[in-house]
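A.B. asks: There's a structure below that I have some questions on.
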Amino acid sequence: MKTKTNQSVKTFGIVGFPLSHSLSPLIHNSIYKDRNINASYLVFETQNLNVEKIQEFRNSGILGLSVTIPHKETAFTLADKADDTSRIMKASNTLLIGPDSTYAYNTDGEGAYHSILEFSPESLKTGKVVILGSGGSARGIAFSLAVSGKIQNLLVCSRNEITAKEICLLVTKNSNVKAEPISQDVLLTRKEEISLVIHTTPLGMKGQSPGPYLPEDFFNSNMTLFDIVYNPLETPLVKTAQKAGAKIIPGSEMLLYQAMKQFELFTGISPNAEDIIKTRERLSKALENR
């Protein structure tokens, strides 16, 4: 029987577009080696993700996929079953591919939440949280924060008013958090209310428009900025916030923690403190060389 992968090796991968700068293969393949796990993690760069593509992966022996831009919302629609975050927010960044069914998970929110708790837990207590953007990552992050019990108010600022309103409706309906869509112009007038800014759009990413999305006078030393873009780590938005004295959560931290959860979903093995430390060091070194 012809297959594209070695059946003695458990094969996983990442699907999205573009993927030339993805660090996910480094993360997963390194931890497989550290743990002596007979597995490999491949790159599947494609602009199209559909039922036929999932079946191709299944036929090729692919057991799990990390899903990134622009496929997170599509990934949810292709799954037969889904975790609560995926089901409620209608976006997934992880697919487990079984013989007869596909299961969707969203680890973005958990990754972001862990990052915030580690680097700036106070930012969840002192003011309102605003999420910039309304794509797949924003959905997972919004839900995880809403059900954490740590916040009471959430603002979503996006150029796409329809998806921003949808996220807010879903959050308000499924949690005790009051979520409110807000335009950029209005956000600028309410900056004193904000303690945490989470940027989830591609602006500032290598090869994308630089941004910065918000002006320097929006930020102050009482704010924290979490820009989930990690290539480069110092995006124009990060530099703008730094000049104003804002605290910065590195975007690579979300990549780290969401990948650790994916590793657990793929292999059934819980990552330990050493896995996290080693992966953080590898990411830091890789990003320094970019």
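For all residues, glycine too, the Cβ spot is worked out from N, Cα and C.
The shikimate binding site feature in Swiss-Prot is assigned to SER22, LEU23, SER24, THR68, ASN93, ASP108, TYR230. Per Swiss-Prot, the feature active site, proton acceptor maps to LYS72. The NADP(+) binding site annotation in Swiss-Prot covers ASP84, GLY133, SER134, GLY135, GLY136, SER137, ILE228, GLY251.
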A.B. asks: Let me spell it out: for each of the binding-site residues (SER22, SER24, ASN93, SER134, SER137), count the other Cβ atoms within 10 Å of that residue's Cβ, using every protein chain shown. Which one has the most?
C.D. replies: ASN93
A.B. asks: LEU23, ILE228: which of these binding-site residues has the sparsest Cβ neighbourhood within 10 Å?
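C.D. replies: With the binding-site residues LEU23, ILE228, fewest surrounding Cβ atoms within 10 Å: LEU23.
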A.B. asks: In the structure shown, which of the binding-site residues ASP84, GLY133 has the fewest Cβ neighbours within 10 Å?
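C.D. replies: Checked ASP84, GLY133; of these binding-site residues, fewest Cβ neighbours within 10 Å: ASP84.
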A.B. asks: Which one is it, among the binding-site residues SER22, LEU23, THR68, ASP108, TYR230, that lies nearest to ASP84 (NADP(+) binding site) by Cα separation?
C.D. replies: ASP108
A.B. asks: Can you tell me how many other Cβ atoms are located within 10 Å of the Cβ belonging to TYR230 (shikimate binding site)?
C.D. replies: 22
A.B. asks: Within 10 Å of SER137 (NADP(+) binding site), Cα to Cα, which of the recorded positions SER24, LYS72, ASN93 are there?
C.D. replies: LYS72, ASN93
A.B. asks: Can you tell which of the binding-site residues (GLY135, GLY136, GLY251) has the fewest other C-beta atoms within 10 angstroms of its C-beta?
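C.D. replies: Looking at the binding-site residues GLY135, GLY136, GLY251, the Cβ with the fewest others within 10 Å is that of GLY135.
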A.B. asks: List the other residues in this chain whose Cβ sits within 8 Å of the Cβ centroid of the shikimate site residues SER22, LEU23, SER24, THR68, ASN93, ASP108, TYR230, in sequence order.
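C.D. replies: Near the shikimate site, the remaining chain residues are ILE14, GLY16, SER66, LEU255, GLN258, ALA259.
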A.B. asks: For ASP108 (shikimate binding site), just count the other CB atoms lying within 10 A of its CB, please.
C.D. replies: 33
A.B. asks: Specify the nearest of the recorded positions SER24, THR68, LYS72, ASN93, TYR230 to GLY136 (NADP(+) binding site), where nearness means the distance between Cα atoms.
C.D. replies: LYS72
A.B. asks: Using a Cβ-Cβ cut-off under 8 angstroms and a sequence gap of six or more, which residues of the chain neighbour LYS72 (active site, proton acceptor)?
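C.D. replies: For LYS72 (active site, proton acceptor), the qualifying residues are ALA91, SER92, ASN93, ASN106, ASP108, GLY135, GLY136, SER137, ARG139, GLY140.
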A.B. asks: Within the chain of THR68 (shikimate binding site), which residues six or more apart in sequence place their C-beta under 8 angstroms from its C-beta?
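C.D. replies: Spatial neighbours, sequence-distant, of THR68 (shikimate binding site): ILE14, VAL15, GLY16, LEU19, SER22, SER24, ASN93.
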A.B. asks: Rounded to the nearest Å, what's the C-alpha distance separating GLY133 (NADP(+) binding site) and TYR230 (shikimate binding site)? Just drop the number here, would you?
C.D. replies: 16
A.B. asks: State the Cα to Cα distance, in Å, between GLY251 (NADP(+) binding site) and TYR230 (shikimate binding site), rounded to an integer.
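C.D. replies: GLY251 (NADP(+) binding site) to TYR230 (shikimate binding site), Cα-Cα distance: 5 Å.
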